[in-house]
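Below: the structure, in structure tokens.
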Amino acid sequence: MNPPSPRLRLALVVTAVLLLAGGSLGYVLHARHRERPPGQQADASFTVEAPGLYFRDTAGGRIARQDGPGLPRVTGGPSCDRFHTAGSHALCLRKLPGVPARTEALVLDRRLREVRKVTVPGIPNRARVSPSGQVLSWTTFTTGDSYNTAAFSTRTAILDLRTGYLVKSVEQIPLTLGGARHHDPDVNYWGVTFAADDNRFYATVSTRGATHLVEGDLRAWSAKALRENAECPSLSPDGTRAAFKKKVSDDPRAPWRLYVLDLATLREHPLAEPRSVDDQAVWLDDATLAYALPGQDGRAGDIWSARADGTGEPALLVPNGSSPVRVG
Amino acid sequence: MYLAANGRPDAPPRLPGVRRRVPAAVLALGTVSLVTDISSEMVTAVLPLYLVLGLGLTPLQFGFLDGMFNGATALVRLLGGRLADRRGHHKRVAGAGYLLSALSRLGLLLAGGSAGGIAAALAADRLGKGIRTAPRDALISLSGPPESLGRYFGVHRAMDTTGALLGPLAAFAVLWATADAYDAVFAVSFCTGLLGVLLLALYVPAAPGPAAALPAAVPAGPRPPRPPVLRDRAFRRVLCASALLGATTIGDAFLYLLLLRGLDLPPALFTLLPLGAAAVYLLLAVPLGRIADRTGRRTAFLLGHGALLGAYALLLAPVCAPTVVGVLALLGVFYAATDGVLMALAAPALPAAGRAGGLAVLQTGQALARLLGAAGFGAAWTLWGQRPALWAAALALAGALAAAARILPAAPLPSPAAPPIPPVPEAP
């Protein structure tokens, strides 16, 4: 085959550039005008004062409420990627558009008016409010902290509304591991849960390839590891147990199972949920847990519940939802 | 780029017959790489965000997907080199690689949320990347006289790096314009990738040098014997030296991490630090390639690793703001003086008919050695802590440099059965 003449080549390239640039521009414009939910504030009528199950509606990304199984859902909450509320405040994590990823942590009062806004690097991951509503914590996934540029690591912040003091990353908290002070640049914290005294908290720390459940003390600013292989703890309302996800398999498609740990005896038992759950479970009451799972039948995500004592069967609580939290 | 390639007017007189201009084939391959790198770096920049945020993969699953294909690339590269050598189909094999990578964006677009589809698209992209590299570098090395290869590779790498710098910017612009529509990034990347393939098809000569003609001239029948690449002493020495030095390279990510930790910089800067090093690489690739041609590529290659050693040393001293500038500059010098220069150093030692395969062996050896080096440094960091690990890395690199200086042949590499240099096609 003879190579085409220079003029023909040029004509081909110009045509191709025009076609491909036109195609690119067309797609970008199409994507730009596509229906997409903008970041919305809560409607004036929607507050977290009413009792019920609050959650993120995965269809529109806004927070909704359902007062009981089978009852209609009340919509109109703010758009959040993660949501939690307790006591006097609510916490809403929102990913901001753009690269590198940033997350906006909105602290809201019970009528969902903005109290404080903090912008942190990373992708929203976990949000928790202490039972009184005075202490809040969130975790984001960030790229770049780790050895491998492609890998993710986590940053966890704690905000104390009583003093207004914000710890942007809890990584520097003095940590005791196996009875000794532990120093390592690779420590990562995520998934904080607070006790009723607004001082004690539990979280996950990962270091040297293992995850540990840590108990922390805000006033003393110290943390000690309690046991290995426990992520995303969630403290029961009575403060005696912690639900957590335990890595039970090296298969990256289904690594975790939900367990409940008795904090007095450090004995654990699995829930009756056989699927791999990647969520920080919440306690609906002292006997029931709720958690998000990837949705079935094409839905983005579903909320399921299971009994905390490991009996019974998991039940579908809210289709098309995530970030569940019970108020009242 | 072209101006820089034309050289300074006060340059010493050239040997007769050596053209000052960069061959059209090199410029064409550089343009193809530039366009293709825009396409691929666009996707690289947004993929982690897309997978984890858009599709809800856990970072664990993302890491698994990402790591799964990295090992396979090395082997595919050998295959690409072998395929190109067999019939002299360098352009066709490289083109297939470019096309496969471009089509993988379409795969990402069509896969939607299916993890299997995404894995297949990523695999296709890596496969394309692996296949095309060695034939492309062989084409560059066959485009002109061996005396100028350092400069040619410098021009190519500078254009390649320009694309790599523009890619994330393009991705950012698309995300900004569409409020985070990742699919639009894939669509634009697909169009850009197709343009790269078209440019390759139209502007890269199928037979730039004597090489492509050599094996193709052999009529179908008994297959020509495999060129005894590994039996060549000079090439074996280059291979050993590059692998040895590669194994003491700790990986850029570690250097950036040490900078961030030393200065307590915000992690968002992590994405910007590589840009700094790439900019230095871009500026120095051509001049250092020229210097390497004139003063010896062996010296340039060793001094380049000396610059890396300098970066380690800077990090061992107390870290302050100028350290960032120094480390990024030294890292840029390291790449500019070693990446293309290594290809230029090894290519003349390889017979034209075995060049793609030989370069593939060299690249694979270096890549595997670097993987080993990074893993070793990660382990040392975990076991001993940051400073002792860095000390160990610096000592290992110094030792490897001393050894490489002995291993690398001092005299210019002989070209086995050097064919007469054909007239070199000139840039318009």
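Numbering starts at 1 and runs along the chain as it is shown here.
Cβ coordinates are placed from backbone N, Cα and C, and glycine is handled just like the others.
Since this is a predicted model, take the numbers as computed values, not measurements.
Record note: among B:205-222, B:331-348, B:367-384, B:367-384 is the stretch given as transmembrane segment by TrEMBL.
According to TrEMBL, the feature transmembrane segment maps to residues B:45-65, out of the candidate ranges B:45-65, B:297-317. Same-chain neighbours of the transmembrane segment (B:265-288): 1, 4-5, 150-151, 154-155, 157-158, 161-162, 164-165, 168, 252, 256-257, 259, 300, 304, 324, 328-329, 331-333, 335-337, 339-341, counting only residues six or more beyond its ends whose CB sits under 8 Å from a CB of the stretch.
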